[in-house]
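As recorded in Swiss-Prot:
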SITE      ASN9  site 'Discriminates between blocked and unblocked aminoacyl-tRNA'
BINDING   TYR14, PHE64, ASN66, ASN112  tRNA binding site
ACT_SITE  HIS19  active site, proton acceptor
SITE      ASP91  site 'Stabilizes the basic form of H active site to accept a proton'
Amino acid sequence: MRLIVGLGNPGQRYARNRHNIGFMAVDEIARVHRAAPFRRRFQGEAAEVMLGSERAILLKPQTFMNESGRSVGEAQRFFKIPLSDVIVLHDELDLAPAKLRVKLGGGNAGHNGLRSITALCGNDYRRVRLGIGHPGDKALVHAYVLNDFAKSEEPWVEDLCRATADHAPLLAAGEDASFQNKVHLAMAGRGWDAVKTPAEAGKAKARDAN
């Protein structure tokens, strides 16, 4: 059994925030693979799903981002899932928009959801890093991640979540390299291989106007 966690903040106020792309991806996995309805469990919302031949629990912690580890730890202990079978989907500032990378363990790169999980559960879980790009200035990061995706970003966000869901059985089977490659090819096929952040797009537009 796998525990697949999407990170985000609960409530409509945060629903389309960049910080919530983990929730969005898990919702799309649930939709594409016809998961059971989400129910309130483990200080979050949880649903069972079959991904290929693998049974998985989808989890969206409702503790707010900084306390995500409480929800993850509760679910992990209940199902006796090894930390190596915990997969966390989260927004990644240090990855270009529309890119995806999978890694095992490593640092938290300032992500409070990952920091909480690492503190309460350990570090050796798998992370699916969903690139949202960086606003260009550290002082802008807080506002950037807690703002909604721009309308111009919505198409690639939807396509990234769909590609993640379509190939989630590979992820559940532990075929991380194949999963990552399939998502990359799907996104490139839709023209998303060189996406700019809104700030980068604005600068490029200004340069073109001069």
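Backbone N, Cα and C define each Cβ position, glycine as well.
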Neighbour-count leader, CB within 10 A, recorded positions: ASN9, ASN66, ASN112: ASN9
Rounded Cα separation (Å) that holds between ASN9 (site 'Discriminates between blocked and unblocked aminoacyl-tRNA') and PHE64 (tRNA binding site): 5
Residue from PHE64, ASN66, ASP91 whose C-alpha is spatially nearest that of HIS19 (active site, proton acceptor), among the recorded positions: ASP91
Where ASP91 (site 'Stabilizes the basic form of H active site to accept a proton') falls in three-state DSSP terms: strand
Per-residue Cβ crowding (10 Å cut-off), top of recorded positions TYR14, HIS19, PHE64, ASP91: ASP91
For the tRNA site built from TYR14, PHE64, ASN66, ASN112, further residues of that chain with CB within 8 A of the site's CB center: ASN9, HIS19, THR63, MET65, GLU67, SER68, GLY113
